[in-house]
Amino acid sequence: MAALTLTNIDWQLEANPSAHHTDKYSSTELIVRRGQAFTVILTFNRALQTGESLTFTAETGPKPSLQAKTQAVFDISSTASNSTWSAVQQSTDSSSVSISISSPANAAIGRYKLSVQPASGGSASRRTLGTFVLLFNPWSSGDDVFMPDSTEQKEYVLEEFGIVFAGNVNRINKMGWNYGQFQGDILNICLSILDRSLSYRKDPATDVSRRNDPKYVGRVLSAMVNSNDDNGVLQGNWSGNYSGGTSPSSWNGSVEILQKWKDAGFKPVKYGQCWVFASVLTTVLRCLGIPTRMISNFNSAHDADRNLSVDVYYDESGNPLSMGNDSVWNFHVWNESWFTRSDLGPSYNGWQILDATPQEKSAGIYQCGPASLIAIKEGDVDLDYDSPFVFAEVNADRITWTYNIRTREAKPISSETKSIGQFTSTKAVGSYARVDVTNNYKYGEGSQKEREVYEKARTKLGRVHGFSATSEKRPKIDQKPEISGKFKVDGSLEIGKDVSLILVLRNLTSDAKTVKANMTAWTIVYTGKPINEVWKDSLSSTLASEEEKQFPIKITYAEYQQNLTTDNMIRVTALCQIESGIDVVVERNITLDNPDLVMQVLSDAKVNEPVNVEVIFTNPLDQEVKDCVLQAEGSDLLKGKLKIEMPSLQPGQSSKVPFEIIPTKSGTKQLLVNFSCDKFPDVKAFETINVAN
């Protein structure tokens, strides 16, 4: 009888991906999820005889080993196993055998080589069947990333688009984002990111064996999505000057960024800011099967010295000073991923915070997380990983100081506990609505429980960093303020128009008070970093007993036009001084709205049929706008990015730009457009399109 030899393998490339929720990947290779059986059909040169058996080997990484669980050798058995690799013969049809192969729910993820060795008394050689990719499995109850709710699985693993919340506490805006985790070569690029990490370079075999653990994979990726230590994907830039690269606000999706990184020979892509880092991390984590969502935190603290308070300084003219490394960002975006915490115990399972934005080093490199969301809310800042930094982002106290540049004396003038960490937001499951998740991160501001948790966190940190929770509690502020103030917006806040505000000052005492206010306005980056002073003024006024007065302020377009960053943000400050009283700082961050970009989809969308789209932009200025470019992208709607150069627009003139999309897959898709010109860097719009078969 002829020796048994393999003539063909059928990877069942329709049935397997459909059963494993991997049918959206653009791949000719089998992609399956761990802890779940998949079927292959092997065809031999003749039928298997009684006594002939098959031995399979599945292996991953450069040095596969049984001990490291990166190699498995298994024969055909009668039943599938939950805890080890196994193969069960399902049926035989003459020379073809259908085999169901199961992997354990804690197998390392990555690309595997599968081989088979027929054994029939003689020695037959091992034959490589090919490769397949194994991913995390949120549909399997034995997996660390198991997510029981099917609508959440769809949103946090399978959804290829979403929105990012940005702006400031007074005005939250949203922009679309194309995650595109199933597009083109993205899965291969995500696996390359793991293979280029510092951990892999140091010890490839150990790194690959640890890829069974979402904690480990998430932490490695939080380091690799920024370029600081490892030539990772994105280089950060918060200077306001983005020459030599792409301005962070110009990106509309992750696919282009990841593709650029690969095409440049894995050199960092310029440039990213927090929402870009978080969006790319969302793409990579969802691609590998870890449920992930985006979180935007407003008035987000960057506590550099780990004392759970941020210090903000002004000079005596009311100018913001860059002193110390603490800062308060208008908003900051990070990720939450869903998995268990075997290292901390089951009460800390669920959402875990990961942050790829390079802010502070952790264990010597720029990485952050996973920090358990429950640990943050309960003040358990001694638990892994990076809990103190995350706790401060949402719950630090804010201390305001004046600084005398001549005498170099800093004086604390106010301390408050409620402004940091507001409107913490994520996208709703299945819609574009904003869901407020602030209460997931902390107990209600002003509640006794919130203060108890804060003091608990300070006490735990004090033990580590050698300060007493009481002695370093807060700087002593001797006096109460005698006046209060606020800036009110008077009219619309639009680029191209003057900014009209009202400074409202109120005397809190029963005695007349004379107030001198030094006022400044600076253009800023969203991190609060001042870029250029655009306006200054001062006023002096006497307020009678408990009197309130209003002072109108105007900052003209001519004053701010040249110095606005792509964030469209201005910070207005008034330093109010009263003789023998304590200084009061009144401050407001304002975000100016871009003009509208109107997008219309002109017909119903069907697979492989052209759909006409029209985008209309009207120049709202009384001057010409030049260098006009429209860009469009959308997974399964356009191949890559569409770029259309447009003519200059005269004052008040509209331009209507038609283009065509051809959807390649059915389902709900997102089309994103971005208009740029010399006066408006990134005006965005997005539209959801339902594509029929």
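Glycine residues also receive a Cβ, built from the backbone N, Cα and C atoms like all the rest.
What you see is a predicted model, and the numbers here were worked out from it, not measured in a lab.
TrEMBL has this to say about the protein:
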DOMAIN    266-358  domain 'Transglutaminase-like'
ACT_SITE  C274  active site
ACT_SITE  H332  active site
ACT_SITE  D355  active site
BINDING   N395, D397, E445, E450  Ca(2+) binding site
Site of maximum Cβ density within 10 Å, from recorded positions D355, D397: D355
Per-residue Cβ crowding (10 Å cut-off), top of binding-site residues E445, E450: E450
Env. residues of Ca(2+) site, Cβ within 8 Å of mean position of N395, D397, E445, E450 Cβ: A396, T417, K418, I420, G421, K442, R451, Y454
H332 (active site): tally of other CB atoms within 10 A of its CB: 28
Candidates C274, H332, D355 (active-site residues) - the one closest to D397 (Ca(2+) binding site) by CA: H332
Rounded inter-Cα distance in Å - C274 (active site), E445 (Ca(2+) binding site): 26
Cβ neighbours of C274 (active site) where a neighbour is any other Cβ within 10 Å: 27
Rounded Cα separation (Å) that holds between E450 (Ca(2+) binding site) and H332 (active site): 22
H332 (active site) to D355 (active site) - Cα separation in whole Å: 10
Neighbourhood of N395 (Ca(2+) binding site), C-beta criterion under 8 angstroms, separation at least six: L308, I420, G421, Y441, K442, E450, V453, Y454, A457
E445 (Ca(2+) binding site) and D355 (active site), distance between Cα atoms, whole Å: 24
